[in-house]
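Accompanying notes for the structure given below.
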């Protein structure tokens with residue numbers, strides 16, 4: 001990464017790691033700030049970052065050495081594929097050092113610079129930083145902002161942005177004011193192009209994503225999976241209550257509602273006073289021949305399938321239907337579009353929500369199909385620089401549970417598995 | 001025999017015309033495997049992910065040799081990689097988009113517009129490209145007029161030229177509007193000079209007032225070699241049929257000069273949304289990027305698009321004794337012989353083409369004739385004739401001040417890589433390439449179509465054991481999944497990353513794969529619709545060569561024969577799925 005502090009570098013790094021991991025590509029971020037704190041530079045003042053502060057320089061130098069060493073070890077010992085060196089790398093000298101090191105190890109690095117002169121954007125990043133960065137823990141917020149501005153100044157004096165002529169031999173990407181303008185130079189591998197594509201879809205404006213399953217359906221009551229049934233009476237009640245729940249959570253903010261093309265999500269969304277879009281890709285995991293059966297019926301009729309699915313739920317594909325992996329693949333465009341959008345409320349189905357939830361919360365692949373997402377609950381996701389904040393609101397309308405634990409065909413909510421409001 | 005079920009069987013008969021089949025649509029008697037009776041399933045899904053009539057297919061038994069990228073698409077077109085469809089028939093909720101190419105002659109505008117059309121169509125976007133040059137040629141032919149030279153200038157100097165230019169541009173604009181308004185079009189690609197600022201402004205205003213987003217793609221070439229190459233390519237185009245090369249180049253350079261002084265390069269101050277595409281993707285800059293997923297996807301594609309000198313070769317893998325899906329068998333004798341013949345034929349083909357291309361460096365005296373090919377190859381311990389790109393790479397190897405090329409990865413003009421599926425049979429078919437030091441890569445995406453429960457069954461067995469499934473399959477062979485199996489559509493979706501990798505390879509690629517994967521890849525390079533793909537056929541006796549042209553891709557079939565005997569390597573045998 002290249003760029004001054006508060007340009008969203010860590011945010012972008014985290015996002016890339018999350019996206020690649022979601023797609024089963026080994027990726028890891030090495031944040032030099034974390035190493036600096038380990039190396040004895042925790043809670044630094046602005047002077048610490050001055051180019052002529054010898055002690056500060058020594059610690060920062062040590063931190064970057066540690067980060068790079070760990071990074072190279074990770075490449076070799078853990079079969080890493082994409083490592084991100086998250087630091088300012090603001091001078092040409094530093095970048096040349098990284099370049100040399102990489103090439104010695106037969107790696108051609110890609111530099112990704114976030115350049116920004118939009119003062120509002122910078123201010124927002126700083127506001128976020130002072131509340132989430134361990135450097136300013138326990139500080140007075142206004143004082144922290146001041147210190148942070150001073151800290152940025154220390155970098156400005158030595159900062160050398162990537163240049164289209166001088167650096168034309170390097171593989172680099174410059175994001176100007178997030179992705180308003182993008183310069184892409186000498187992208188040579190497919191994976192690089194894919195990362196650039198992803199980053200181009202990101203924005204760092206604050207926004208929220210709300211997730212909800214459809215209201216309780218007739219099939220839910222009958223313990224059947226799949227289908228295209230209507231809402232139950234209680235499901236309708238949830239649909240009526242949803243506008244109020246959403247308003248309590250959003251205030252006056254505007255949002256767009258995305259639903260699947262199945263009847264039950266449309267019915268759930270019908271009272272919401274916002275723009276609505278239907279996506280085929282948000283339809284529930286297709287259970288193929290098991291569509292419309294209860295788990296008990298499936299266990300009886302397809303005992304081998306029932307067992308196979310519990311053993312590897314992520315990979316298991318229903319006869320004539322889909323697996324979780326299939327759903328992830330078809331959701332990819334949705335995730336990309338979601339990254340581009342601002343406030344969105346998604347009303348969809350259990351399996352689809354699990355996949356979306358896994359993406360935002362970094363849930364490992366094998367666990368994602370087992371996440372509990374109860375009916376009649378509104379989940380709010382707030383993407384932040386260092387993770388996503390989750391909170392849930394229960395509608396207080398009773399509904400059946402459709403959660404099925406491993407090794408049983410009975411449905412019912414497990415006590416331990418509700419997504420707790422955490423920062424992941 | 002239906003093409004999906006049997007592969008090497010060349011009988012041009014029965015299965016596909018399913019109106020004669022005993023499983024014709026009228027036969028709706030249900031069997032045990034049919035949809036469960038309505039009891040307890042009263043609210044089952046009524047809509048399938050695909051409409052059941054999408055298999056209303058045109059019957060084709062052999063791969064079409066013509067590139068379908070210039071065939072207009074109609075409202076019911078479903079394309080191979082289409083992930084889902086929306087009610088409006090428009091993908092990604094991206095609305096309607098007009099892409100306007102901008103740039104001097106010889107900046108590969110046509111290639112870019114054709115490639116975008118091919119790719120977005122494959123993704124399921126209803127795209128047509130509109131080439132002004134095509135309109136002009138048609139008009140000139142129809143009215144029997146000679147087009148004055150100043151017509152080719154963005155600002156014609158004679159009244160005649162101006163009138164003709166105005167008329168043609170108006171026709172194109174009208175057709176594009178019609179495409180959006182009457183033909184459910186989602187993306188139009190407008191291939192013309194568009195080098196004048198005021199012209200661009202007018203276009204943007206006209207179409208934006210119709211609620212169509214406008215994106216400009218400006219192609220700039222300042223690399224002299226690239227420019228010369230483009231001029232040479234243009235001199236081979238339809239316009240110069242029957243001309244001598246020198247005359248054609250001179251004439252084309254005149255067209256270029258006419259416009260050079262008029263050219264107003266795009267700048268951010270113009271306030272338009274545009275992508276600057278420099279030296280064919282060496283550098284890209286995206287400005288005012290507010291357009292949505294589809295546009296980013298196109299930029300993603302442009303990052304991977306290369307002006308390909310090399311060819312893509314498709315070949316089947318060799319045979320093994322049982323040829324079963326489930327066994328990972330060794331090749332049998334015939335299979336080994338096949339792979340030898342394949343290796344020799346491909347290398348010979350590539351060397352022949354490289355000798356014809358004039359950037360081959362000359363080593364001493366011995367390169368003058370094709371007969372010295374072999375001696376040259378062995379001298380360098382490389383079975384391929386080296387080109388200037390090889391020299392460049394050797395020079396930079398291991399030096400920290402120079403860029404490290406991902407060697408053998410196919411980014412250079414002269415690279416040659418063999419892609420195989422991760423199965424022993426396909427991998428072993430490439431053994432002789434490996435022996436000669438050529439890079440062989442196993443790609444998991446090339447894994448053959450998973451046949452599920454119908455693996456290793458003959459068509460008759462399938463009819464007997466899975467009558468309902470078979471009936472469904474015949475209705476829509478592209479999207480149907482047999483129990484536990486993949487559909488062609490599933491295969492296409494998982495192969496997409498490989499398509500972009502294929503686009504970014506400048507050199508030669510040989511893809512050794514199972515028939516099912518070859519069908520899908522072939523479907524992309526020659527723009528087949530999903531109705532065609534399942535019925536394509538690839539036999540073992542033929543190597544398919546795809547060469548890439550700016551306007552269309554060309555398919556050549558090269559017989560794989562054992563030298564001296566003149567007979568084909570493989571007798572047609574009846575293999576199963």
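Think of each number as a place in line: the chain as shown, counted from 1.
Placed from the backbone N, Cα and C atoms, the Cβ positions cover glycine too.
According to TrEMBL, the feature substrate binding site maps to A:213, A:214, A:215, A:216, A:217, A:218, A:219, A:220, A:264. According to TrEMBL, the feature domain '6-phosphofructo-2-kinase' maps to A:1-206.
All features noted in TrEMBL, drawn onto the structure.
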residue : record                 : Cβ neighbours (10 Å)
A:213   : substrate binding site : 29
A:215   : substrate binding site : 30
A:217   : substrate binding site : 30
A:219   : substrate binding site : 24
A:264   : substrate binding site : 30
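Residues A:229, A:231, A:232, A:235, A:268, A:375 surround the recorded substrate site, their Cβ atoms falling within 8 Å of the Cβ centroid of A:213, A:214, A:215, A:216, A:217, A:218, A:219, A:220, A:264, which are themselves excluded. Those binding-site residues from the list A:213, A:215, A:264 that have a Cβ under 8 Å from chain B Cβ atoms: none. For the recorded site, residue A:215 (substrate binding site), the DSSP three-state label reads coil.
The binding residues for substrate are recorded as A:213, A:214, A:215, A:216, A:217, A:218, A:219, A:220, A:264; their greatest pairwise CA distance is 14 Å.
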